[in-house]
Amino acid sequence: QSNSVVVVFGGLWWSFFSTCAGNIVPEKSENGGWRKDGDKVDLAEQSLLNKLIRHSLVRNRNQVEVLQRDPTSPLYSVKTFEELRLKPDLLKGVYNMGFNRPSRIQENALPMMLAQPPQNLIAQSQSGTGKTAAFSLAMLSHVNPANKWTQCLCIAPTYELALQIGQVIEQMGKYCPDVKLAYGIRGNRMERGIKLQEQIVIGTPGTVLDWCTKYRLIEPKKITMFVLDEADVMIATQGHRDQSIRIHRQLTKDCQMLLFSATFEDSVWRFAEQVVPDPNIIRLKREEETLDTIKQFYVVCKEKEDKFTALCNLYGSLTIAQAMIFCHTRKMAAWLTANLTKEGHQVALLSGEMTVEQRASVIERYRNGKEKVLVTTNVCSRGIDVEQVSLVVNFDLPVDMDGNADNETYLHRIGRTGRFGRRGFAVNMVDSKHSMDIINQIEMHFNRRITKLDTSDLEEMESLMS
Ligand SMILES: Nc1ncnc2c1ncn2[C@@H]1O[C@H](COP(=O)(O)OP(=O)(O)OP(=O)(O)O)[C@@H](O)[C@H]1O
Ligand SMILES: [Mg+2]
């Protein structure tokens with residue numbers, strides 16, 4: 001087996017960051033901005049949604065890159081949880097969660113987080129690769145249960161995300177009855193002046209800051225491990241960013257600082273550098289989406305009714321496992337859903353006005369095959385992984401603010417079909433000269449042919465799409 005770790009020695013931190021930034025498809029409109037279709041991209045919601053629909057670890061075959069603060073110290077990685085020499089009760093909790101061995105990012109992050117003397121860490125890897133589980137384990141291992149004061153402090157961007165992390169810690173610490181956890185979230189009222197006995201506090205920046213300063217429930221100087229989870233989501237809100245820095249200022253310089261993020265933007269790294277001095281850095285590049293196993297087509301239509309007819313022809317003539325249809329606006333998505341339903345299709349609609357829970361349940365039903373078609377706008381469906389999709393339809397083509405082809409979004413939408421070597425189809429609806437231009441731009445950008453399809457010619461369609 002080849003060595004799966006790339007170690008970067010020396011050089012400027014910044015050049016390391018820059019290489020990071022250059023290698024990914026930037027995640028557009030991820031800063032909480034408004035997209036053209038009026039759906040607000042809420043990073044925290046997106047992150048929560050991903051967790052609600054995820055059933056297991058996201059596997060990644062890429063190499064882990066490690067930048068060590070002290071390049072002369074040996075690089076440890078573990079292939080088993082036993083090697084970490086955890087307390088037996090904690091190990092039992094880990095296995096009880098169904099974890100057999102450390103994930104890619106955990107192989108390197110765990111030994112670093114548990115090392116003596118303590119080391120600071122900045123870790124970045126895509127959603128679902130085991131970051132939260134990693135530091136939960138580190139916190140549980142770090143605390144001394146005999147000491148009845150707060151030793152580990154963890155902050156996350158929202159109430160819901162803090163609760164999610166807390167659940168992981170509780171589950172993992174199931175067999176460590178002496179380790180207690182408190183939730184520093186709104187609504188959790190505490191008496192002023194008392195000192196918390198819980199060894200671990202997980203909360204949101206505002207409440208945790210109050211608990212440290214105003215209420216003095218926590219003695220910041222006694223905190224020996226500080227964790228910032230979802231840093232990318234955190235800094236999307238200015239208030240959170242400032243509050244995190246204010247909490248950080250209360251801590252001693254010996255406190256171990258750990259920061260986790262799912263993305264690599266410059267803004268995240270600048271924040272990370274501010275709160276994590278002399279860090280080790282671990283990152284795991286995301287697996288790239290590709291168009292190689294996907295056959296791409298376009299259909300020329302007049303207007304939306306025409307597009308609808310083409311879609312029905314397409315659907316009627318193909319044996320399609322599951323399809324995902326993208327519209328530009330909520331209104332269009334609703335119109336299309338109503339019409340498809342009228343035609344007798346079982347259709348799920350994912351729309352911006354739904355709560356995260358509602359969206360999670362729609363996606364769950366679709367994943368389980370209860371509906372074969374999912375109609376959605378771009379904003380709602382970012383980052384959702386539905387493996388069995390064999391057809392993606394761009395009912396409206398992806399365009400940026402200036403009306404040009406949005407290639408990243410195209411790749412993002414289409415890339416979800418044809419996963420794992422399976423074949424997939426992508427069909428683009430063209431309804432104007434402008435949208436034909438966009439198809440040409442996309443063809444040029446990816447250097448892949450998009451073939452014209454006549455949905456009224458059954459025979460041609462069958463031969464092209466077989
Ligand atoms: N070593 C492991 N073996 C098996 N499953 C794991 C392991 N580590 C984590 N998991 C599971 O994988 C899923 C993702 O883990 P986790 O939430 O820690 O990822 P994350 O990187 O924090 O994701 P996000 O960026 O979305 O917060 C969870 O369901 C978790 O229980
Ligand atoms: Mg996480």
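Positions of Cβ are set from backbone N, Cα and C atoms, glycine also.
Annotated signal peptide per TrEMBL: 1-22, in sequence order. Sequence annotations record features per position, and here TrEMBL assigns domain 'DEAD-box RNA helicase Q' to 79-107. Residues annotated as domain 'Helicase ATP-binding' in TrEMBL: 112-282. Residues or ranges marked as domain 'Helicase C-terminal' in TrEMBL: 293-464.
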Spatial neighbours of the domain 'DEAD-box RNA helicase Q' (79-107) far in sequence, C-beta under 8 Å, 6+ residues away: 4, 57, 59-60, 62, 64, 114, 123, 125, 129-131, 133-134, 137, 140-141, 171-176, 282, 284
Integer mean pLDDT for the domain 'DEAD-box RNA helicase Q' (79-107): 97
Residue counts (helix, strand, coil, in that order) that DSSP gives for the domain 'DEAD-box RNA helicase Q' (79-107): 16 helix, 0 strand, 13 coil
